[in-house]
Every structure is written in C-alpha cells, then in structure tokens.
Amino acid sequence: MTTGSSVYSTSIHHFEPYTEGFSVPAPSTYTAVEAPKGEFGVFLVSNGSNRPYRRKIRAPGSAHSQGLDSMSKHHMPADVVTIIGTQDIVSGEINQFLNAGVDPKEIPLPHEFILNRDLLAQLYPSFAEGATPFFTLNWSKYADFLTFRGGLDPVTGGLWLTDTAHHHLAIAILFLIAGHMYRTNWGIGHGLKDILEAHKGPFTGQGHKGLYEILTTSWHAQLSLNLAMLGSLTIVVAHHMYAMPPYPYLATDYGTQLSLFTHHMWIGGFLIVGAAAHAAIFMVRDYDPTTRYNDLLDRVLRHRDAIISHLNWACIFLGFHSFGLYIHNDTMSALGRPQDMFSDTAIQLQPVFAQWIQNTHALAPGATAPGATASTSLTWGGGDLVAVGGKVALLPIPLGTADFLVHHIHAFTIHVTVLILLKGVLFARSSRLIPDKANLGFRFPCDGPGRGGTCQVSAWDHVFLGLFWMYNAISVVIFHFSWKMQSDVWGSISDQGVVTHITGGNFAQSSITINGWLRDFLWAQASQEDLKGIMALRFPRFSQGLAQDPTTRRIWFGIATAHDFESHDDITEERLYQNIFASHFGQLAIIFLWTSGNLFHVAWQGNFESWVQDPLHVRPIAHAIWDPHFGQPAVEAFTRGGALGPVNIAYSGVYQWWYTIGLRTNEDLYTGALFLLFISAISLIAGWLHLQPKWKPSVSWFKNAESRLNHHLSGLFGVSSLAWTGHLVHVAIPASRGEYVRWNNFLDVLPHPQGLGPLFTGQWNVYAQNPDSSSHLFGTSQGAGTAILTLLGGFHPQTQSLWLTDMAHHHLAIAFLFLIAGHMYRTNFGIGHSMKDLLDAHIPPGGRLGRGHKGLYDTINNSIHFQLGLALASLGVITSLVAQHMYSLPAYAFIAQDFTTQAALYTHHQYIAGFIMTGAFAHGAIFFIRDYNPEQNEDNVLARMLEHKEAIISHLSWASLFLGFHTLGLYVHNDVMLAFGTPEKQILIEPIFAQWIQSAHGKTSYGFDILLSSTNGPAFNAGRSIWLPGWLNAINENSNSLFLTIGPGDFLVHHAIALGLHTTTLILVKGALDARGSKLMPDKKDFGYSFPCDGPGRGGTCDISAWDAFYLAVFWMLNTIGWELIETLAWAHERTPLANLIRWRDKPVALSIVQARLVGLAHFSREKKRQKLEQKYHLIRRSSKKEISKVRSLSDKWEIYGKLQSPRGIVHLHAFIDVVFQLEGQELTIETLDYPDRYFVKWFMHVCCQGDKIELVRIKISLYFISMIDDHRRPLYHSV
C-alpha cells in the first residue's frame, strides 16, 4: 500500500473499497485500486443496490416539494440499512480473511457471502442461527459481528469493522423510528408546524411561529440550514477521520491523513459561509416583515445590535489576549528570559477544560460500556499507542500550554468569521446608513453619491470578507493539525518500543512564539488581521443611535449614559427596576470587598498589634509601599512606624475603629476580612440570582412602598442597631475592660454580672450601675466597672472618646424606636398607616399650598429619580452631620488625639456630603424632565413650587448677593485695616446666636446664664443626676473639640460658608425648577437633561440645561467645602502642642486668597514632619537617661509617672527639637517636631537657603510632660 507523508494527493478511494470488501490479487502486499465508478460508484456497488435513478417522467408538483414532514420521513431511514447489510455480510468477512493473511485469490467473492449463509457462519457462528436471536431478544448472540470493543484494530490501525457495523445498526434503528415521527397523508405523528409554533420562551416572543411557512416557501432558508448543518458535520468528519480512522491502514498514511483533514476543513468552511450567504439572500428576497411580528426572527433582528456587540466584544477580547500571549512570549524570548514565558516549563497555562474532556472520554467506557476494552479514540488518552508496520497509527495526544495558546487563536478567528457573516445576515435588509438596503439587493457596489456614497456594505461584501476570515481560521487550524501530529503523534517506532516523531516533539517548545511558528514550521507569512469588520461595530452597544454616530460624541455620550438605563435601547420599566435592584447587590459587594481589603492589608502589612499596645505614640500603618521608583532616600523617608520598609501611615481612623469595637490581634482582622469577603460573594450571587427569570421581582413588588418602608425601618435600621448593641455589650465593652470575648467563649462570659435577670424583672437601672471610673485605663481592668447601658455624658478621660456604655445605650434606644417604626405602615394585613392617606391628608387649611401633598404618593412611587433625589438629600445631610460629630463627639478611642486623622475624616465626609447633595438636585431635575406629570400633580406643592419659582429663585438670589457682598466686604475691610496698620479699626462681630446655642447646651464661658449653663435653672436641676456631670465637664474643657470656643473669626467663616451654601443651593434650585422650561426656552424638557445649546434658529442660548446648572453648582459646592476646611485646618493647628505654647486663642479674621493658600500649603507640607516624632517613640527611650528608658507600654508609663498627673486632666509626653543653623554669621533656630536626620538637613539647606553658606550648629532635644488641661510643661530631659 502506498504510504509516506510526502504523498499528499492520495485519495480516500484507495481505502474505501477495501473496507467495503473489494480486493485484487496481490501475493505479498495489499494493493488498493480505484473503484470503477469513483467513490460514489463504490458506494453503489458495495451497497448491492444497483437501483435505477428516478426517471424524469414528470416533475413533482410544489405540494410534493413543500411536504417537509414527508421529506423528513423519506430521508431519515433511506440508506442506512443497506450500509449495515453490506458491512455485516461482505466487509467484515473479507477483512477478517485479509487480516489473517489469506491470499486474496482464495477469498470468496462478495456475492458468494450474500448467497451462502454457511460461508458466513464459518467466521461468525451467530449467522447460522439466522434471525431467531433477534426475535427472541437474545441479541447478545450477535456479539461476534456486532461489537463494542473500542479502540483500533492493531493489524490495520483502523476502527474495528464490527464496532462500525454495530454503530450503523444503532443509527439505523434510531432513524427508522425517527422516520415515522412526522405527520403525512394519514394524519399520524407530529406536525412540524405544531412543534415549531409550540417553541416559545420568555425572551423569544412568539417563538418559532411562522418558521414552518418560511421553510416551506423559501428555497434560500432551506438551503441555508442544510449548508450550515452539512458544513458543521463536515468539520466534525475532518476531526474524526484522524482521531477514529474508519478505514484500514488509513492512520499510517500521513499524507492522506493531512489531505483529508485539509479537504474536509475547507469544504466545511465554504459550506458554512454559503449558509450565511443564502441566509442573507433569504432576508433580502423572501423575508416579509409585515407578516413577522415578535417572533424569533423579528426579535433577533430587533436585538441585532446587542448580538453583534457581544460578538464584537468576544472578538476584541480574544484577539488582544490570544495574540498578547504570543507577543509576550516573543518579547521574553528576545530578552533571554525563558523563565517569564508562558510554557509548560515556566508559567503554565494548561488547557484544563480540554484536558478534562479528554480525561472524561478516556474514563467513560469503564462506566458506560463495561465490555469495551478501550475508549472511543486513543487521542483521549488512557491507552497505549497503536503502530502498524513500524509506524505510529495513533497514540494519546498530550495537550499543554502551546495548545492553550493556539486554541484561543482558533477561537478568535472563528468568532470573527461568525461576527462578519452574522452581521451581513442581520443587516442585509437595512442599517442606519442604508435603511432601504433590501431594495438594493444582495449585492451592490455602493449606495450612490446622492445618498452618501457608502461602499462595501452589502450582504455580499460581508460574505466576501467572511470568506477571508474563514481562510484565516482554516489555515491556522490546518497548520496546528499538521505540526501537532508531526511533533507529538506521527513517527516511527523501534523494536525496543522507542517512538521517534517526525519533528521530534518540538511543538510544545517552539509554537509558543510567533518566531517559532515562522522558524520551526517553515512558514514565511502569517495571515494579516483585518480589523475592518471589527471597527464597523462600535461602542456603545446599548444605544444604536450613539453607536452609529461618527464623531467623538459617540465615545463621550456612550460613557456618560452607560448607567442611564432609561436611555438604553429596548428598556422596559420592569427591566429598569430589575437592573437597578441587581446593581445594588453589586454595590454592596464592592463595599464589603473594600472593607475586607482594609482589614486584610492592615493584618498583612500593618502594625495593628503594636499599635494596640501604645495607641498614642505608635503610628498606624495602612499598607506597604511597593514602588519601583523609590530610591534609597525615599525608602528611608517612608520607613516609619517601626516598619522594615517604606509604608503609608493610616489616617482613615480604621485602627481606632477596630480597637474600639474589640479587635486586638491580626487574627481578628483576618477573620473579619474573610467574613466580609464571604458576605461580598453572597451579595454578588444575590445580584446574579435576581437577574434570573425565576427570581426577578415584579414591578408591583418594587412599588410596594409600605412594605419596603417597614422592611428598611425595622429590618435594616432596627435589627442592625440591635445587633450592634449586642456586639458592643458582648464584645467591645468587655474588651475595653481587658476581657477577650470571641465565639469560643461567647456563651460562657456574661456581659453583666446579673445576666438577663434585671431585664425580665424590670430593674433596668441595674445595667447602669457601677460604670467605669474616671481612672479607667482603656483595654485593662484597672478602674473598670460592670455597667453596660449608661448615660454618663462627656468623654472617657484617657481616650477622649464617648463612653462605650453610653453608645451601647444609644444604639439600643435607636433599635427600639426603629423596631416600632417598622410596624407603622400598612402592608398585606391591612394594619397600620397608609402612606397615600397620610400624604393626601396634608392640606394646610389656609389654602396657600393648594391641594397640598395630594398626588405626591403616586408621583414619588412611580419615579425612581424622585426617590433617589430624596434619598441623596437625606444621606448628604446625614453625612455632613457625621463630619461635624466625628470631631466634636469622637466615638472611637484615641481618635481625638490623632489630629491628622480628624482633619482627614472631616474633609472626607464633607466632600462626600457635597457630592451627594448636589446629586440629589441633579436627580430632582431629571425627575421634572422625565417623570413629572402636570395633570397628576395639579395645584399640589410641586405644581405651586413651579408656579412660584421666580419668587423662590429671587429670594435665594437676594440672600446670596447679601451674604457675598457683606461677608467678603468685611474680609476686605479687615485686610485693608491691617495693611494700613490700624488693626483696632477691624470690624469684629461676635456670633451671639451660635454662642447662645452653645450656652443653652451648657457652655459657661460666654456668660449667657441660660438653660444648662445656668446652675439655678430648671433644665440644669432636672437632669443633674443623669447626664450633666460628664456632659458639663466635657463641654467646658479645653482638652477636646466639643463646642469649640467661637468668636469674630467664626462669625466671618460661618457667613462665608452660608454664602457658599446659598449660592450652591440657588444654582441647583434654579436648574431643577427651570428644567422643564424657562422664559428663554419654554420647551426645554423636550431637549432632555443635558444639551449644549438651543440651536441658532432659536436664539443660540448655551449653558442653560439642568446639567449645566449642576456643573456650576459643583464648582460652588467645592468652594463652600474649601471655606469649611480653612476653619478645620485652623482648629487642627490650634490643637498642636506648638500652638498651645503660643496660645493661639482665635481664628483668622483677615484672610486673603494668598494667606489661605499659605495655610493649606503649610499644613500639608509641615504636618508630616510634625507627626514623625510620634512614630519614633524609640528615640525618646534611647535618648533619655532617666526611667523613661524602662517604659515598654502605655500602662507602664502611667504607673511610673502617675505622680505627674494633673488633678484636672491627663498629661502626655511630648518632645521639642530645636535645630540651630548658622547663616551669614547669625544663628537661626527652627523649632520642629521631627527627628533631624541628614535628609532633613539636606532638604532645609537646599530649599530654604540654596546658594548661601549655611552650617548646622547644634540640635537641642527637650522632653516634657504637658497637661492637656492647663498646658503646663514639666521638663523631663534636655540633650544637646
């Protein structure tokens, strides 16, 4: 037999006659000859069916041609049985003789086997019993010629013919049964029309209704389906011909194997492209949109942009990533870094899914076919190689990183081919550029210069381009097959069983680079990627209009409206609500993941356990800095807080937060991180789940406002507050008293000595008895009490934070209130208040608000933007309140003494509040444009607001002008007076209203003698025994930031803030109230929320959209927050020990823009230097010659120096470092709070005195204990 991989023209005809039982005399070797009538002739003769062709006596009628049911029955079982007969009666016997070495001359002729059953019985004894075993169901008798052995015949290297016969018999039975399934003239069986029309899904509308008519009336639709199925089947055949060779000796004829694979792959490719071509012709010629509504085809056409966009994304992703891997490997190879390449010996990318499929098929016979001796194909693995005549027929094909890379190249080229072909089909009738493309036909060159002159957009052009990509795809597949087989499969085997492959197994090493393909596969040119088809489909996929826009507007507006679900194509109210609901779970997942990341990074790279030992002097580390640009000076400068390398200091307050709530070890942090990560995963799963059809909530569920209110009030706020109370009582408070409570001892440690007894007996006051004493050391049992729910007021003397027992009491009260509030509103049970009734009843009797709140319930309930606007307004105000309360009433231990963190948290919350509050007005404006219904809201508060908008805006405008001129006028006046040297002429106004409010709360320094500041008043006497001692001590101390003493500087700053707030509000309110229309532009609502101008034909007015107002308001919001921060920075400086030395007793009353910049720059440049000493407590230990060197912890320090404690407050250790320079004969002393290492000296000499002769004279270090009450300094140590 002709063999050798060089013979590429060998035909399949040589092998099929042998299989079908044809042979010619040959003494020593088998010689196959060409069949008399070619392959088809062999098929006819081997079938034994010399049936005449149907003579064309008369042409079948259209009814005959359109009988799909009859056609299906006719074609399914037609020829299968004859193949079985041929293989069983002729092929198997002759092959048995040939395999046994019988001379072909002595083998009976094929017809002799058919006529002589005894001759068959000599080889297959079951033939002697005829059909008896069949009818008696004793089918196992036929196991000698109908087998399920698996694997390959070791003599021929092909499939066992008895297996093949069994396979075809099974197929015959299936198709014989299937051939009686469909209804014909007798009315029995399924109707294809009924089956198709019953195919309906949740996303397919009318489903397959109408497809039967299409298939019976359109030749092109039928041909397209046939070509698609036949093309796919042909490609499957290409792969099976080498993996499961059906013909003897085919496996070892490598040239023929390669020829057949190439042959079938090309045929399959052309057939599939032809399927797309005829589908496009069907769309142009036969598709009737007037009869196709909301069925499968119609919905596919309506969603074509989404389909094409998804395919486009897949193509771009596969293209960049698959070729990116090769480019990476080529680069690493060129740089001589094989260890950084993707390969089986370095960074592995194993095709685990393909390997899993291989393994599954290799193991399957053991479970599904116990009688099988091998798997269906050796390529799956699990068996030994099969060799014929010293040549490898087949062996298990290993898959590795090289296959992973090239498989994704296959995926890329196939997806691009499908993308282009599918786009041609779906846009065959029309597109944005050519809406009447159907009238131009399947193929046209251009749409004419009078219409735009667009060329190469016809369906034929897509087929042309699709063919090009099909060539690309098929070429890479053939290259892969050829090299992989020559490298890892094909070859020779020695007598000792050693296999030598044709190319020596170089595929895994060489094919991982493009250079390797060119060099080792001897192929000079790689196919060029034509991105034209990809670029024709562009972002954004959710808007056809924007996607077709040829300008940069497409990109910017696409990004701007990516989350504006309402503006997306094919959006419905139900899908809108469901998308937003699901996105909320994604946001929750991000929140929990972010917090989990904070916990994880601090536990991994922070110094939490060290910080816990001395919170005041160990600087908390946020995370390490991994920056390749850091040189040695930067590394040393940022190595602080006791870290081994450069780190960032944490100014977020997380250390104080975790310390306060009872966390003490890194293990606690890791546990919290894992828990939050789990919650994040649950949130993601919940979001995905609620996008599934079965779990998608309905619109009515979303609009059940009362149930939602009850759920959030009681379930969210109430239960969570109660749970937080439980945590504080069971974990945080015991931890503050030195007791470590975790899950392992949670049930063993009572949070209160009397347990739940006082709760059930009504003696609740027991829980407030025996609180922590003023000498309590946080985190220890020293001075600790047993109370868990108190109302002490004021601050813990050591931590300067609120009492934990007060906060537990606070959260319990909130939980109680919200649990009750969560049962207020009427739900399915008809009990409680109705929100609609409440709102409808709000009609002032004076009539000045018209119909009052009537209509508001439905307006709010049906407008997501109104709901979001209200929610953002509420949340923004709350966030701003949090910013104020975090410094005035610090909730976390020791956070009050971390001034930078205080300033950072204030800034953080104020900026968040600013953006959230401006967002509230933005969505309010969108509500007026998109959702406001004038008829539904006739004469209610919304309508009257719009009617009186001129008066509202005028009043706000007047207030803004007044504040602007007077506030800034006072600053200008004071600046001028200072400049003229007459500071006594400044206008300084006391903020008496703010001072009165502070006095009413108990501050006595202003002398108002009102309410709580009056020791004789009823308010003071009424609560003296409950909260007043702690509260009044705190409010009148100077050691905390609760109700800071205010004066003329605060008056000016407060009015500057009022100016910013009023101006911001003015712009936002004007933008919202004018969103629907204004005098200049009455129909503004028709232009939407954002538009550049109203057009030159209307006046050309620009910057008047609601979005423009929002943009300008954000600018003013930033101004306002900037003025607020000026006061905060001044406060931060006032709290420093340096400022306490000078006693900075007031805030600036003359502040120019230049001075404001100076304050900011000085703060952010020098603050870090000041903080560095606190990070280096080891310097103090090393420098001091006294008992300070023995100090190991905060508690030890208090034990040693307790005698220095002020009777009115706490003392703290501080260091002042004087750096003395000599400059031009004069000494210059700089007092700093930093350790003056050589980098500081270099910095000072370079920045401050560049070019001058300067030298360091001496450094003086002074250590003091400073009382935070009377600022008295007690010297401890001096060193020069």
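Note that Cβ sites are derived from N, Cα and C of the backbone, with glycine treated the same way.
These figures come from a predicted structure and were not determined experimentally.
Per TrEMBL, domain 'NADH-quinone oxidoreductase subunit D' is recorded for 9-95.
The transmembrane segment annotation in TrEMBL covers 223-243 (among others). Within the same chain, residues 215, 250-251, 257, 260-261, 263-265, 267-272, 274-279, 282, 377, 379, 394, 481, 485 sit at least 6 positions outside the transmembrane segment (223-243) and bring their C-beta atoms closer than 8 Å to a C-beta of that stretch.
The feature transmembrane segment is assigned by TrEMBL to 263-285 (among others).
Per TrEMBL, the feature transmembrane segment maps to 306-327 (among others). Same-chain neighbours of the transmembrane segment (306-327): 300, 342, 349, 405, 408-409, 411-412, 415-416, 418-419, 422-423, 426, 512-514, 529, 534, 537, 539, 541-542, 547, 569-570, counting only residues six or more beyond its ends whose CB sits under 8 Å from a CB of the stretch.
The transmembrane segment feature in TrEMBL is assigned to 404-422 (among others).
Listed by sequence, the residues of this chain that lie at least six past the ends of the transmembrane segment (585-604) yet keep a Cβ under 8 A from its Cβ atoms are 621-623, 650, 652, 654-655, 658, 666-667, 669-670, 672-677, 679-681, 683-684, 686-687, 690. Residues or ranges marked as transmembrane segment in TrEMBL: 585-604 (among others).
Taken from TrEMBL, the feature transmembrane segment applies to 669-691 (among others).
Note on the transmembrane segment (712-733): residues 660-662, 741-742, 746, 749, 751-752, 788-789, 804-805, 807-808, 811-812, 814-819, 821-824 of its chain, located 6 or more positions outside it, place their CB under 8 angstroms from a CB of the stretch. According to TrEMBL, the transmembrane segment annotation covers 712-733 (among others).
Packing against the transmembrane segment (864-883) from elsewhere in the chain are residues 576-577, 580, 905-906, 908-910, 912-914, 916-917, 919-924, 926-927, 930-931: each is 6 or more residues past its ends and has a CB under 8 Å from a CB in it. Annotated transmembrane segment per TrEMBL: 864-883 (among others), in sequence order.
For 911-930 (among others), the entry in TrEMBL reads transmembrane segment.
Feature annotation from TrEMBL assigns transmembrane segment to 951-972 (among others).
Through the fold, the transmembrane segment (263-285) approaches residues 214, 218, 220-221, 223-228, 230-235, 237-238, 241, 417, 421-422, 424-426, 428-429, 437-438, 441-442, 459-460, 462-463, 466-467, 470-471, 473-474, 477-478 of its own chain, all at least 6 residues removed from its boundaries and within a Cβ separation under 8 Å. If you average pLDDT over the domain 'NADH-quinone oxidoreductase subunit D' (9-95) in this model, you get 46.
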